[in-house]
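Q: Here it is, the structure in full.
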Amino acid sequence: MNQSTPLLSLQPGATGSIYAIHDMNPILRRRLYDLGVHEGSVVSMKQRGPFGGPVTLECNGQLLGIRVKEARGIEVSVC
Amino acid sequence: MSSFALVGNPNTGKTSLFNTLTTSYEYVGNWAGVTVEKKIGDLKEGGGQLVDLPGIYSLHPLSKDERVATQYLIEETPSALINIVDASQLERNLALSIQLLEYGRPIILGLNMMDVAKSRGIHVDIQKLQEQLGVPVIPLIARTGKGSSEILSTLKDFGAVDSPVLTLDYGAAEEAITDIEKMLTSIPNLPNHRWVALQLLAQNPVILQALSSQIDMAEVDAISNRCEAKLLQAGYISSLPEWIRSVRAGFIEKLCHTVLDRSTQKPHNLTERLDAILTHRYLGIPIFLVFMFLLFKVTFDWIGNPLSDLLDGFISGPVSDGINNALDAVGASSFTHALIVDGIVAGVGGVLVFIPQIFVLFFIISFVEDSGYMARVSLLMDSLMEAVGLNGKAFIPFIIGFGCNVPAVMSARSIEQPKDRLLTTLLIPLMSCSARLPVYALFAGVFFQSHQALVVLSMYVLGIAMALLLCKLFSSYLLKNEANVFIVELPPYRLPQGRSLMRGTWEKGKGFLRKAGTLILGGSVLIWFLSYTGPGGFGVEMDDSFLAKIGGLLATLLAPLGFGTWQAGASLLTGFLAKEIVVSTMNIIYHVPNMEGLQGQIALSFTPLQAYSFMAFVLLYTPCLATVGVIRKETSSWRWTVFSIGYALILAYLISLIIYQGGRLLGFS
C-alpha cells in the first residue's frame, strides 16, 4: 500500500481509500459514516468549490459536499 | 385498524410512494430532508393507514426530523413496515434495514429507483436478497408508480403473519445483550427486546430517554462498561457502539457481495457534466444569480403580468357586472350591495388577480425542488453563509420561504445543529414570500413600470441582504455558535415530470386560494365594516370611519417613513393577518372597481420614493399571523417568537427611514 496523503491533495477525478480521519466534529463524523464515508471506504475528489467553498466528493456513487477545513482532516492512501 | 409505516433513507422516494399508495398528497422534492413530520394517509384500496416518516440513515437521530422517525418506532406498534431502499445505493441503505429487521415487525423491502440503478449498470439480485433477508422484496419505480400495486396486494395479507426476526451474532457483545434483555422483561408495550437492548447499548438517545424512568440506567452503563472492557481484552480498540456498527457493516458487506453486481457500473454522466457547470468554482454563483433574475423576469414581465391583466379585466368586467346585476335583480339593500361589491369583491378580487404571478413562481420553485438543483444551491452558498455564522443548508429553507414562510420554517428541522436551526427560523420571515408579491406588483406597476422585474428583485435582494446582516449580528452576539458544520448530499439530477410539477404547483397554490376564501374574505368584510361605520353611525364618510381613526393612530408614527396617512397605517395593521390583505385594504379604502382605478388612486397618494419605502416596510415588518404561529410551534418559546416580531418591526422602521430620508437627501421624490 502506498503512503497516505491528505485528501485535499488529490486532483479532481482522483481516487483514494480513507486511511484516517482526524479532528472531526462528531456530528459530521456520524453523518459521514451514515453516508458510507469512513476508514477504508473509497472516495474520489470531484470538484473544488467556489471561493474556497465546499469540496465535492464521491463515495459509492453518492455525491456529497463538505467544507475544506473538515476535508483537511481526512487522509487517504492513493490506490 | 392496521397501520403501516414507510421508513427509509432521505430522498429515496418514500413520499412519492406514499402519494401513489394513499388517497392523500404530500410534498415531494429531490433533496434530503423534504419530509420533516410524520404524515398519515388512508391506503387506496382500504385496509388501513399508511404513515410516511422523515428519512433517516440510522435509528440514531442527529436532527429534529430524524427524531420523529425513531420516536414513532418506540412509541407505536405498526402492523408492518415498508422499508424503501434505493437500489442504486444498496449498501448505504441496508445499514438502516438491518436495524429495522431487528425491530421485529413484519417488513416489506421496497427496492426503489430500479430505473436509476439499471441505467447506471447496477444489478441487484432480488431473489437472492429476498432469501438472505427472509422478507419480501418488491422492485419499484416510485416516481412513475411502478410496483405500487404489488405493494398494496402484499400488504393485504401481510399484517397477520409474524416474519422472522433477523438475528446477527454480535460476538463479544452477546452477553451484554442478554443481560439487558433480562432487565426489560417486566416492562410492557416494548418492541422486540433484543432490538431495544441493542439500541440501548448503541447509546441511541431516543431509546435511552424513553426508558430512563423505567429501568436503572446505571445498571445499563455498568453492563456496557463490562462489555467494552471485554472487547478491549479481546484486542478490539473500538467502543461498544462502534463494535455494533462494525458487526452490521460486516454483514452488509457479505450480503452485497452475493446480491450486487456492479461489474458494469457507470458514473453519473449527466449529473457530473451538469455539476461541472452549475457548481463550477467561478461560474456557479453567477449562474445562480442569472437564474434568480430570470425567475423574476418570467414571473412578472414575461408571463405573470400579461395573464394578471387579463384576469383583472375578467373580474372587474363580467364578474363584477354579473354580481351587480344579480344584486339589483334580487333587490338587495344598499348595505348588502356595499358589503358585497365594495367589501368582498374589492378585497378578495384585488388579491385574486395576482394568481398568475404566484402560480408561475410556485411552478419555478417546484422545478428547482424536483430537479436536484436545491442541494447545489446550498453548496454554492456555503462560503457566504459560513462568513455570517450559518451553513449552506440554511439556504434551502430560505428558497422555500420565497414561496411561503410557513413550510420554510418547518423545513429548517433538517438542519443538524439546534442553534443553526433557531437562527434560520428567526431569519426566514425576511424572505419575501408570495403573499408580499401582490403588494410589489401593485406598487411597481404604478411607479416603476419600465423596470418592474428589477424593482421587485431588489426587494428579494434586500430581504436576503438583511437576513445575512442580521445573521452575522445574531450569531456574533446573541446565539454564539460553536463551530457549525456543513454536509450536503447531492442527489443525481433528474428532469422533473410534468405531472409532478403541476401537482407541486397546485398544492402550493391551493393554500393561497384557500387563504383568499377564508382569512382574506373575513378580513375584507371586517375592514369594509370598519370603513363603513364610525363614531357617527353607519354609512359615514370614509375619513370619519373607525378604520380612519385606527389607521390615524399609526400615521404620525409612520410619517418619517414617507407614508404617514391613515390609509397606509390601516392597511399595514390589517396586513398582520396575511400580507396580501394590505392590497385588499387599499382596494376597499380607495374603493375602486379595478386594478387600473386603484393604480390611479395610489399614484395620487404616493410618490415613487414613498412607494419604495412602503414596499420595503411591507417586506420586513412583522411576519404574518400564520408564520408567527409556526415559529412559536417550532421554537417552543414565546420569547423567541416575540423576538422575531420585535426585531422585524425595528428593522422595517429603520430601513424605510433610511430609504425615505436618504432618498430625499439625494434628491429623489
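Cβ atoms are placed via backbone N, Cα and C, with glycine included.
TrEMBL: automatically predicted annotations, no manual curation.
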Q: TrEMBL lists transmembrane segment for one of the ranges B:512-534, B:581-603; which is that range?
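A: Transmembrane segment, as annotated by TrEMBL, spans B:512-534.
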Q: Is it the case that the transmembrane segment (B:388-410) and the transmembrane segment (B:453-471) have 3 or more CB pairs under 8 Å, with pairs at least 6 apart in sequence?
A: yes
Q: In the same chain, who gets a Cβ under 8 Å from the transmembrane segment (B:638-660) while lying at least 6 residues past its ends?
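A: Sequence-remote neighbours of the transmembrane segment (B:638-660) are 422, 425-426, 429-430, 462, 466, 470, 560-562, 609-610, 612-614, 616-617, 619-623, 628, 631-632.
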Q: Using Cα coordinates, what distance in whole Å links B:Gly8 (GTP binding site) and B:Asn19 (Mg(2+) 2 binding site)?
A: 16
Q: If you run the three-state DSSP split on B:Gly8 (GTP binding site), which class comes out?
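A: Going by the DSSP assignment, B:Gly8 (GTP binding site) falls within a strand, counted as strand.
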Q: Once the DSSP letters are reduced so that anything not helix or strand counts as coil, what is B:Asn19 (Mg(2+) 2 binding site)?
A: helix
Q: What is the total of other Cβ atoms whose distance to the Cβ of B:Gly8 (GTP binding site) is within 10 Å?
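A: Excluding its own Cβ, B:Gly8 (GTP binding site) sees 27 Cβ atoms within 10 Å.
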Q: Below 8 angstroms Cβ to Cβ, which residues of this chain, lying six or more residues outside the transmembrane segment (B:282-300), approach it?
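A: Residues 357, 360-361, 364, 376-377, 380, 441, 444, 452-454, 456-457, 460 contact the transmembrane segment (B:282-300) from elsewhere in the chain.
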Q: If you count other Cβ atoms within 10 Å of each one's Cβ, which of the binding-site residues B:Val34, B:Met113 has the most?
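A: Going through B:Val34, B:Met113 one by one, the largest Cβ count within 10 Å is at B:Met113.
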